[in-house]
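Notes to accompany the following structure.
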Amino acid sequence: MMACPRRRVLLQGSGLAALLLRERDSVFRSAGLSVRFRHHSTKTAPQLPGMEYQDAVCTLNTLQTNAGALEQVRRERNQPQQQLQAMRSFLERAGLTVEQLDHLNIIHVTGTKGKGSTCAFTEQILRSYGFRTGFYSSPHLVQVRERIRINGQPISKDLFSKYFWQVYGPLDETKGDQGGSMPAYFRFLTILAFHVFLQEKVDVALVEVGIGGAFDCTNVIRKPWVCGVSSLGIDHTQILGDTIEKIAWQKGGIFKLGVPAFTVRQPEDAMAVLRDRATEIGCPLWVCPELDTYQTDSGPLSLGLAGRHQRSNASLALQLSHTWLQKRCGPGGTFTDPENRSRSQAPSFHLSPIMVKGLANTEWPGRTQTLKHGTVTYFLDGAHTMRSMQACVEWFRETAARHERSGSGPAARVLLFNATGERDSAAMLKLLQPCQFDFAVFCPNITEAIASCNADQQNFNVSVENMLTRCLDNERSWHLHNNRGEDNATSLFIGDRLSLVPEKMADTLVFPCILSALQWVTQGRDPVLTGPQNTVLPVKPSITAKAAPLCEAAEIHVLVTGSLHLVGGVLKHLDLESAK
């Protein structure tokens, strides 16, 4: 078993981010605080009480891919059969076969944005009918076990640990056989999810694609009952391609011969590719109708997930669940083709009260989620593409305005933003300009500067130096969008005020972690953030003075967006139940 000793992260190099870390460490040491991050030893250590789950997660984290491994994955994308054969080999070494997966009654969903929400709607509908559901999604927000759900709930820590070692053990024991290796992080979790669903005997398994479709490791699935494609856009271009047509080709790779598939309305170029892929594979493909065309006995539909963009996700979920129910419960257990198949438009139908209730009761944390803590309201949305950010802006402006109309007085608006990977954060920040924020705050996806051993949000793929450098870039982009330049910026780049570089950067504030950013933004008005479990980090008087508008406002509205990992780090501090 493996414990997780905490250790300092030492950065190499003399770049700005390294200087930032040294300056920040000095500030905290002077206040009697140590700075530790969530990195853990991979060496075997004596077992500590209550560490069984953390042991499993620490061991899982050793499978995270570094930059070199990611580049290898990109190169291997040109050999799809080799990729899928490797996945089948991992399955067999773990004691599973693709034939066993055929019995999971899978609904397989891909897309650029909305695939998780679509699965959440679908899962809630089928669970409302009384079926035992499994749901595999990514990424997790607070704890990795969120990725594998049974009947809508993350599997327990005990179950995660039990099943983890059942899968990890055989793979580890055979990794030296015939040049074998351990599967990477996401592949392992996919195998683990299949194992859990088989052992827990679910009636239906909803499987969300990781990246793309054709070459994604979930595409080892041979016989799904129905497939879905949510809204397509530009993302993961280094892996999937840099045009909507290339991305649509990848997404259409989950289509299977004779298996019905549904898609929301797509850009015409993407739609043409999806149709060609469906014809090539022999897959019947239909476009979902508008949500308001479905008939109900109870008036307009109410959705548990906020935002107009969720309406197309809900329509896709209705088609997926209806098709699955037809096959499971219909005459002869077969799917009945829509009458207007020739036009490729799926018909709407009369919704049962159970379907209506399922849509209304759907919950999916971190996506258009609102949390109110006294006079502080948090608007959480993990939007990280241009299209999803546009939808986020529309949702926030509408929802925040509604809260302000019914509020106790003037509200200060704060943006808390971070973006990771290859995403164009400058373009996303430009989309956020119309929200009229009083402050813009940026921080890395580091939950807290002083951390207990919690490996769930550990990330070996990105260095602390890279994260902080990206934050500085985001702050500069915000200044430029506001036509203020770097000298006269009034927006805030999170943190303690540190003399990092030339004097012209004096107005730049850099908080080292999510907790310190939240504490500054809320100014002690959220008791959850000032509780005994959190250390209140020191702030210089000059920085306290800048927060006067936050102290004077009747309410504070905080939009957290740009990264699901950022949203997860925020929820870890705001939703204490989710971190247990």
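Cβ coordinates come from backbone N, Cα and C, glycine included.
Not measured: the values here are computed from a predicted model.
Marked as Mg(2+) binding site by TrEMBL: Ser138, Glu208, His236. The ATP binding site annotation in TrEMBL covers Arg367, Asp381.
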Neighbour tally for Ser138 (Mg(2+) binding site), based on other Cβ positions within 10 Å of its Cβ: 19
Close in space, distant in sequence - Arg367 (ATP binding site), Cβ under 8 Å, 6 or more apart: Gly116, Ser117, Leu305, Leu380, Asp381, Gly382
Set of same-chain residues at least 6 away whose C-beta sits under 8 angstroms from Glu208 (Mg(2+) binding site): Val109, Thr110, Lys115, Gly116, Cys119, Phe135, Tyr136, Ser137, Ser138, Thr218
